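According to Swiss-Prot, the S-adenosyl-L-methionine binding site annotation covers GLY75, VAL126, GLU127, ARG139, on the basis of sequence analysis.
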Amino acid sequence: MSLSSTLTQGIDALGLSLSDDQQRLLLAYVDLLVKWNQAYNLTAIRDPQEMVTRHLLDSLAVLAYLEEGDTLDVGTGAGIPGVILAVARPQQAFVLLDSNGKKTRFVRQARRELGLDNVEVVHGRVEQYRKAPSQIICRAFASLSDMLALMTPIMTDNTRLLAMKAASTEEELATLPAQWQGRHHTLTVPGLDEPRTLVVVNKA
(Lines of atoms letter the chains of each structure in order from A; the text may use other names.)
(Lines give C-alpha, C1' and ligand atoms only; values in the text may rest on other atoms or scores of the structure.)
Protein backbone atom coordinates (compact mmCIF):
# COMPACT_ATOMS: atom_id res chain seq x y z
CA MET A 1 0.00 0.00 0.00
CA SER A 2 1.26 3.49 -0.81
CA LEU A 3 2.13 5.94 1.96
CA SER A 4 -0.71 8.16 0.78
CA SER A 5 -3.25 5.33 1.00
CA THR A 6 -2.03 4.27 4.44
CA LEU A 7 -2.38 7.84 5.68
CA THR A 8 -5.78 8.47 4.08
CA GLN A 9 -7.25 5.21 5.35
CA GLY A 10 -5.83 5.84 8.81
CA ILE A 11 -7.29 9.34 8.94
CA ASP A 12 -10.69 7.95 7.92
CA ALA A 13 -10.46 5.22 10.57
CA LEU A 14 -9.75 7.87 13.21
CA GLY A 15 -12.84 9.79 12.11
CA LEU A 16 -10.80 12.86 11.22
CA SER A 17 -11.12 15.25 8.30
CA LEU A 18 -7.83 16.54 6.88
CA SER A 19 -7.60 18.29 3.53
CA ASP A 20 -5.50 17.05 0.62
CA ASP A 21 -3.04 19.87 1.35
CA GLN A 22 -2.72 18.81 4.99
CA GLN A 23 -2.11 15.21 3.98
CA ARG A 24 0.47 16.37 1.44
CA LEU A 25 2.29 18.29 4.18
CA LEU A 26 2.30 15.25 6.47
CA LEU A 27 3.83 13.08 3.74
CA ALA A 28 6.36 15.81 2.96
CA TYR A 29 7.32 15.72 6.64
CA VAL A 30 7.91 11.96 6.39
CA ASP A 31 10.07 12.50 3.29
CA LEU A 32 12.11 15.10 5.14
CA LEU A 33 12.44 12.86 8.19
CA VAL A 34 13.66 9.94 6.06
CA LYS A 35 16.24 12.17 4.38
CA TRP A 36 17.62 13.72 7.58
CA ASN A 37 17.45 10.47 9.50
CA GLN A 38 20.14 8.93 7.31
CA ALA A 39 22.72 11.33 8.72
CA TYR A 40 21.31 12.51 12.05
CA ASN A 41 19.58 9.46 13.58
CA LEU A 42 16.46 11.39 14.57
CA THR A 43 14.26 8.32 15.03
CA ALA A 44 14.84 4.58 15.40
CA ILE A 45 12.11 3.98 12.84
CA ARG A 46 13.60 3.79 9.34
CA ASP A 47 10.75 2.48 7.23
CA PRO A 48 8.48 5.22 5.78
CA GLN A 49 5.38 3.01 6.11
CA GLU A 50 6.12 2.56 9.80
CA MET A 51 6.67 6.31 10.14
CA VAL A 52 3.16 6.92 8.79
CA THR A 53 1.69 4.52 11.36
CA ARG A 54 3.94 5.09 14.37
CA HIS A 55 4.50 8.81 13.98
CA LEU A 56 1.69 10.36 11.93
CA LEU A 57 -1.31 8.23 12.90
CA ASP A 58 -0.10 7.71 16.46
CA SER A 59 0.03 11.50 16.89
CA LEU A 60 -3.26 12.16 15.11
CA ALA A 61 -4.99 9.69 17.44
CA VAL A 62 -4.77 12.27 20.27
CA LEU A 63 -6.34 15.06 18.22
CA ALA A 64 -9.84 14.51 19.64
CA TYR A 65 -8.50 15.27 23.13
CA LEU A 66 -6.52 18.37 22.16
CA GLU A 67 -8.34 21.53 23.22
CA GLU A 68 -7.92 24.95 21.65
CA GLY A 69 -5.22 27.23 23.00
CA ASP A 70 -1.46 27.45 22.83
CA THR A 71 0.21 24.08 23.19
CA LEU A 72 3.71 23.21 24.38
CA ASP A 73 5.26 19.97 23.09
CA VAL A 74 7.93 18.98 25.62
CA GLY A 75 10.73 16.76 24.34
CA THR A 76 9.46 17.07 20.78
CA GLY A 77 12.47 15.24 19.35
CA ALA A 78 12.01 15.22 15.59
CA GLY A 79 8.75 17.17 15.98
CA ILE A 80 6.54 14.38 17.24
CA PRO A 81 3.72 14.97 17.93
CA GLY A 82 4.03 18.77 17.60
CA VAL A 83 4.68 19.12 13.86
CA ILE A 84 1.94 16.64 13.03
CA LEU A 85 -0.63 18.32 15.30
CA ALA A 86 0.36 21.75 13.95
CA VAL A 87 -0.39 20.58 10.41
CA ALA A 88 -3.77 19.27 11.55
CA ARG A 89 -4.59 22.45 13.54
CA PRO A 90 -3.17 25.35 11.47
CA GLN A 91 -5.02 28.01 13.50
CA GLN A 92 -3.54 26.80 16.80
CA ALA A 93 -0.16 27.93 18.17
CA PHE A 94 2.42 25.28 19.07
CA VAL A 95 5.78 25.63 20.82
CA LEU A 96 8.10 22.66 20.22
CA LEU A 97 10.74 22.32 22.94
CA ASP A 98 13.76 20.02 23.00
CA SER A 99 17.22 20.11 24.56
CA ASN A 100 18.86 18.30 21.63
CA GLY A 101 20.24 20.89 19.20
CA LYS A 102 20.49 18.41 16.33
CA LYS A 103 16.78 17.66 16.62
CA THR A 104 15.67 21.29 16.98
CA ARG A 105 17.68 22.14 13.85
CA PHE A 106 15.72 19.52 11.97
CA VAL A 107 12.40 20.78 13.36
CA ARG A 108 13.26 24.35 12.32
CA GLN A 109 14.00 23.09 8.82
CA ALA A 110 10.70 21.19 8.76
CA ARG A 111 8.89 24.32 9.94
CA ARG A 112 10.40 26.31 7.05
CA GLU A 113 9.83 23.72 4.36
CA LEU A 114 6.26 22.96 5.43
CA GLY A 115 5.39 26.65 5.97
CA LEU A 116 4.17 26.12 9.54
CA ASP A 117 3.72 29.69 10.72
CA ASN A 118 1.88 28.42 13.82
CA VAL A 119 5.02 26.67 15.13
CA GLU A 120 7.80 28.10 17.31
CA VAL A 121 10.85 25.91 17.94
CA VAL A 122 12.77 26.33 21.21
CA HIS A 123 16.12 24.69 21.96
CA GLY A 124 16.22 24.25 25.73
CA ARG A 125 15.09 22.28 28.74
CA VAL A 126 11.64 22.42 30.28
CA GLU A 127 13.25 23.42 33.60
CA GLN A 128 14.31 26.71 32.00
CA TYR A 129 11.08 27.36 30.11
CA ARG A 130 8.96 30.02 31.78
CA LYS A 131 5.82 30.69 29.73
CA ALA A 132 2.71 28.88 30.98
CA PRO A 133 0.80 27.29 28.07
CA SER A 134 -2.85 26.29 27.92
CA GLN A 135 -1.81 22.67 27.56
CA ILE A 136 1.33 20.57 27.46
CA ILE A 137 1.69 17.45 25.36
CA CYS A 138 4.50 14.94 25.27
CA ARG A 139 5.37 11.40 24.49
CA ALA A 140 5.96 10.11 28.00
CA PHE A 141 9.65 10.20 28.87
CA ALA A 142 9.29 9.41 32.59
CA SER A 143 6.69 8.47 35.18
CA LEU A 144 3.71 10.80 35.52
CA SER A 145 4.93 11.99 38.92
CA ASP A 146 8.39 12.80 37.56
CA MET A 147 6.95 14.63 34.56
CA LEU A 148 4.65 16.67 36.78
CA ALA A 149 7.57 17.58 39.04
CA LEU A 150 9.38 19.05 36.03
CA MET A 151 6.36 20.85 34.63
CA THR A 152 4.64 22.16 37.75
CA PRO A 153 6.38 25.58 37.50
CA ILE A 154 4.68 26.28 34.15
CA MET A 155 1.30 24.72 34.96
CA THR A 156 -1.44 27.10 36.06
CA ASP A 157 -4.72 26.01 37.62
CA ASN A 158 -6.10 25.64 34.08
CA THR A 159 -3.16 23.98 32.31
CA ARG A 160 -3.66 20.41 31.10
CA LEU A 161 -0.92 17.83 30.64
CA LEU A 162 -1.50 15.26 27.91
CA ALA A 163 0.97 12.38 28.22
CA MET A 164 1.14 9.82 25.42
CA LYS A 165 2.06 6.46 26.92
CA ALA A 166 2.40 2.94 25.58
CA ALA A 167 0.84 1.03 28.45
CA SER A 168 -1.93 1.23 31.03
CA THR A 169 -1.47 3.94 33.63
CA GLU A 170 -4.07 3.11 36.28
CA GLU A 171 -1.43 2.42 38.94
CA GLU A 172 0.38 5.67 38.15
CA LEU A 173 -2.85 7.64 38.37
CA ALA A 174 -3.61 6.09 41.74
CA THR A 175 -0.31 7.36 43.14
CA LEU A 176 -0.57 10.95 41.90
CA PRO A 177 -0.17 13.62 44.59
CA ALA A 178 -3.47 14.94 45.93
CA GLN A 179 -3.27 18.24 44.04
CA TRP A 180 -3.52 16.43 40.69
CA GLN A 181 -6.35 14.57 39.03
CA GLY A 182 -5.97 12.43 35.94
CA ARG A 183 -7.95 10.39 33.43
CA HIS A 184 -6.66 7.85 30.98
CA HIS A 185 -8.03 7.20 27.51
CA THR A 186 -7.29 4.07 25.51
CA LEU A 187 -6.33 4.98 21.95
CA THR A 188 -6.67 2.85 18.84
CA VAL A 189 -4.05 3.64 16.22
CA PRO A 190 -4.92 2.28 12.76
CA GLY A 191 -2.40 -0.32 11.66
CA LEU A 192 -0.79 -0.59 15.09
CA ASP A 193 -1.53 -3.67 17.18
CA GLU A 194 0.01 -2.29 20.35
CA PRO A 195 -1.51 -0.58 23.41
CA ARG A 196 -1.63 3.20 23.39
CA THR A 197 -2.89 5.38 26.22
CA LEU A 198 -3.36 9.11 26.58
CA VAL A 199 -3.32 10.43 30.14
CA VAL A 200 -4.84 13.86 30.77
CA VAL A 201 -3.78 15.49 34.05
CA ASN A 202 -4.75 18.82 35.58
CA LYS A 203 -4.86 20.41 39.01
CA ALA A 204 -7.65 19.10 41.21
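Backbone N, Cα and C define each Cβ position, glycine as well.
All protein chains included, VAL126 (S-adenosyl-L-methionine binding site) registers 19 other Cβ atoms within 10 Å of its own Cβ.
The Cβ neighbour count for ARG139 (S-adenosyl-L-methionine binding site), using a 10 Å radius and every protein chain shown, is 17.
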